[in-house]
Amino acid sequence: MARGGLDRLLGLALGLLLALALAPGALRAKPTVRKERVVRPDSELGERPPEDNQSFQYDHEAFLGKEDSKTFDQLTSEESKERLGKIVDRIDSDGDSFVTTEELKTWIKRVQKRYIYDNVAKVWKDYDRDKDDKISWEEYKQATYGYYLEFQDTSDHHTFKKMLPRDERRFKAADLNGDQTATREEFTAFLHPEEFEHMKEIVVLETLEDIDKNGDGFVDQDEYIADMFSHEENGPEPDWVLSEREQFNEFRDLNKDGKLDKDEIRHWILPQDYDHAQAEARHLVYESDKNKDEKLTKEEILENWNMFVGSQATNYGEDLTKNHDEL
């Protein structure tokens with residue numbers, strides 16, 4: 001298995017249900033999908049790059065999301081400002097005519113997580129079989145495991161025998177009111193547990209179960225390495241694997257007992273480090289707050305509109321108007 005970047009693949013589940021693919025007319029649903037091992041807040045936002053010719057591209061993508069920022073780039077300046085004004089009204093959640101750093105941070109986090117909710121919306125109808133705008137555990141189980149449950153002699157018998165109780169445990173954790181049905185928010189927590197605080201323990205537990213091959217309740221160094229690299233027979237370890245062994249010893253194994261417990265796994269895969277959304281919100285307020293009262297009026301935002309949104313007149317080091325005309 002080749003290295004998949006610094007973030008480890010989080011084995012929250014295994015593969016597609018082959019039996020469903022073989023069943024004519026069956027719903028091609030799948031168990032909970034694989035994720036990256038290390039979960040970083042606002043992973044869609046990433047690091048702020050060095051400024052280039054006063055480019056506001058990072059700000060635009062943080063404030064609008066990548067796809068919507070592209071849409072704004074095709075608008076006239078007046079159209080961009082008009083749409084921005086409507087967005088400001090939505091950000092001002094308490095309706096006091098001011099946008100605070102906290103309101104901006106909440107908006108940016110919402111924008112960066114929108115792709116998650118879009119994903120849930122796309123698959124919702126596949127699971128909500130009775131169209132009551134809720135998904136029961138039975139609906140999910142039948143959609144995902146129905147064929148396996150009926151024909152237990154499939155080649156995936158062992159895999160899905162393991163996955164079914166695991167999914168059920170996760171579903172119960174997401175089902176906050178315990179009614180065995182999931183609202184859209186609860187189903188989002190089920191499919192994307194790394195994004196919800198009350199699901200973090202499930203993420204840690206599933207990671208431990210994925211990597212702990214000897215079943216002792218810990219992750220030793222060899223298990224840690226085996227999760228990201230498969231040794232070729234008699235082949236040497238590449239340099240990056242040796243570097244990862246050093247990472248394990250120096251930064252993962254906090255108590256230096258040669259293995260990772262749940263707390264150390266949590267520290268590894270759920271790092272509580274830099275909050276990109278908070279930093280971007282502070283940046284936008286600082287750059288636009290003319291009277292330095294640490295909050296923004298709509299007028300202040302519209303006066304500095306090109307920091308928040310783009311337009312045909314915005315230059316990122318290329319002629320967007322020319323690109324638009326070519327399209």
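First residue shown is number 1, and so on along the chain.
Each Cβ is built from the backbone N, Cα and C atoms, and glycine gets one as well.
Per TrEMBL, signal peptide is recorded for 1-29. The region 'Disordered' annotation in TrEMBL covers 37-59. Feature annotation from TrEMBL assigns compositional bias 'Basic and acidic residues' to 37-51. The feature domain 'EF-hand' is assigned by TrEMBL to 79-114, 115-150, 162-197, 199-234.
Within the model, the domain 'EF-hand' (199-234) carries an average pLDDT of 92.
Residues of the domain 'EF-hand' (79-114) grouped by DSSP class, helix first, strand second and coil last, total 27 helix, 1 strand, 8 coil.
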